[in-house]
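Enquirer: Pulled the feature table from TrEMBL, pasting it below:
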- A:5-183: domain 'NAD-dependent epimerase/dehydratase' (DOMAIN)
- A:N90, A:S115, A:Y152, A:K156: NAD(+) binding site (BINDING)
- A:Y152: active site, proton acceptor (ACT_SITE)
Number of protein chains: 2
Amino acid sequence: MDDPVLLTGAGGRVGRAILSGISGEYDWRLLDREPVSADALPAGVSEDDTVVADVTDEWQVREAVRDVGAVVHLAGDPRPNAPWDSVLRNNIDGTHAVFDAAAAAGVDRVVFASSNHAVGAYETDERTPDLYRTNDDYRLDGSELPRPSNLYGVSKAAGETLGRYFHDEYGLSVACVRIGNLTEDHPPREYERGQAMWLSHRDCAHLFGRCLEAEYDYEVVYGISNNDRRYYSLERAREVLGYDPQDNSADYTFEGEPKDAA
Amino acid sequence: MDDPVLLTGAGGRVGRAILSGISGEYDWRLLDREPVSADALPAGVSEDDTVVADVTDEWQVREAVRDVGAVVHLAGDPRPNAPWDSVLRNNIDGTHAVFDAAAAAGVDRVVFASSNHAVGAYETDERTPDLYRTNDDYRLDGSELPRPSNLYGVSKAAGETLGRYFHDEYGLSVACVRIGNLTEDHPPREYERGQAMWLSHRDCAHLFGRCLEAEYDYEVVYGISNNDRRYYSLERAREVLGYDPQDNSADYTFEGEPKDAA
């Protein structure tokens, strides 16, 4: 991609994971509500490539999408227990502003950071904890209706539906990535559920890179590593996006230590 | 049901259709932003049973749900071309306020007026106009992901997801009715699509009555009459709710005249 890629929420956890892996491969425009300090910028990205803006301000967003080839939209309130007023404004209205500005500017594609919380209530008492273990073959594959575990998840599901609409109406390619449990270096410690939906930093960066390169119309995929005990299918991400994850929480002990070092 | 039923948006088209059929069967509390004039009230409903309130005002909604046994939530901006700011506020935030107040008050069930526009973009150029005809067997059944044809449809899909969350989290029974093309006396005239998704007034009232009587957890059903040329399945509404529609647009000419009178 020759045109710049706008990364909203660039200073957040997912943004930093993406930049740690593929910062050299694109001409980035980094948007965040807070200024990114110069020493935190990845190599090749200067302060001139940063925008301090709030995605709920449609005029700031319109300015930010100018001349970009793609948008990776991560900005929003990331707290699973965020109150309704915040997710309504920051996540639902903010995501509308990003899709709307992208469509108006003729941007080709938007990659939207959705969440496992959009479907968290499939983890019923009847299904858990077996769901988190390798002997269970239940899989969510992205074709199921949203079933959020909190209002944050409701807001992410609404963002996915906005993406569907902007794809159908304006022809934008839209990929929604239901991000699992993103941690650096090792899977979550002593947390079965988190290990089942672990997403390593390098797999995260690779997956978002594939979302910027592959050809697709509208996709909902799961963003997790190649974990033995997953309950999210990786089929769609592999087939459509060419996602090829390298990490697996089964290579670590329950305490989060690498098994080959044990 | 012995406790009152709160009907939001009571003065709108759907509200009047419901009341025209089943006003005598419940103890109603009619909520609308505009006062309902005394001579427009159905028999048995007095002005004391009306509430002038806006569903976007959470305190007014909390007051309105007090001591009700069920809520039929119709209020919102009904325009398919309504702008984002209006559907965000009136339809998404307003529906959250209703579910939230119902859950806080311990109301047993909420029946939510969703819309065919939540899935309107399944009517692609490749599928239409065959989709609107009896020789086509494509059916949407309520298990498919939303695919809205406009921002109004996005807001209705968000309302369905809110219903899913409030069911899972608080145990409310929630039925979402994707209402077709509601008209009085005869199907829409010279409009294939509208005839395929026709909902007569008496079938509308009967369907919402079934939503107030049947036992269910969370359901998404289509609200149309028993039209020969439908592309929405009635299976779920029949099976779970006991819906038994009496009308069929095939009993009318394309011009909307009853065939038995021709």
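Backbone N, Cα and C atoms are what each Cβ position is placed from, and that goes for glycine too.
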Enquirer: Is it possible to get the count of other C-beta atoms within 10 angstroms of the C-beta of A:Y152 (NAD(+) binding site)?
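Expert: Excluding its own Cβ, the number within 10 Å is 25.
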Enquirer: Across the record's NAD(+)-binding residues A:N90, A:S115, A:Y152, A:K156, the largest CA-CA distance in angstrom?
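Expert: Maximum Cα-Cα distance: 15 Å.
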Enquirer: DSSP three-state call for A:S115 (NAD(+) binding site): helix, strand or coil?
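Expert: The three-state answer is strand.
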Enquirer: To test your reading of the NAD(+) site: which residues beyond A:N90, A:S115, A:Y152, A:K156, same chain only, put their Cβ within 8 Å of the Cβ centroid of those residues?
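Expert: Those within range, site residues removed, are A:G76, A:D77, A:P78, A:P80, A:A82, A:V87, A:N91, A:S114, A:H117, A:A118, A:G153, A:V154, A:S155, A:G159.
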Enquirer: For the binding-site residues A:N90, A:S115, which one has its C-beta crowded by the most other C-beta atoms within 10 angstroms?
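Expert: Neighbour-count leader: A:S115.
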Enquirer: Who sits close to A:K156 (NAD(+) binding site): which same-chain residues at least 6 apart have their Cβ under 8 Å from its Cβ?
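Expert: Residues satisfying the criterion: A:N91, A:S114, A:S115, A:H117, A:A118, A:P148, A:R178.
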